[in-house]
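A short write-up of the structure that comes next.
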Amino acid sequence: MKTTLVVVVLACIVALTSALEADLLSHESCRYISSNRYCGHDYMDKLCNTTCNCKDVLSEFSCGVLKKDGQCNKADIQAKCKLTCDKC
């Protein structure tokens, strides 16, 4: 009985932690917020935690070219262009 209770409590903690790390607004809304540089505001970071903390290592131009060329399916490109390739 105690083991079951512990497992249920741990499952709830994991679920709550995952929910706090995810975007609370829609993907489109968070992309708009990010592209218009509203992520610096504390309340926006909380509403769009995943998107606001997702960055491209390469320039926006370079990642855009790579995405147009269909390179987003490659692991190294996904790591360098997380935001552009929707891999956050």
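Note that Cβ sites are derived from N, Cα and C of the backbone, with glycine treated the same way.
Between Cys88 and the candidates Cys48, Cys52, Cys54, Swiss-Prot records the disulphide pairing with Cys54. Here Swiss-Prot annotates a disulfide bond for Cys85; of Cys63, Cys72, the partner residue is Cys72. Looking up Cys81 in Swiss-Prot gives a disulphide bond to a cysteine among Cys52, Cys63, identified as Cys63.
Here the disulfide-bonded residues are Cys72, Cys81, Cys88, and the one with the most other Cβ atoms within 10 Å of its Cβ is Cys81. Secondary structure at Cys81 (disulfide bond), as computed by DSSP, is strand.
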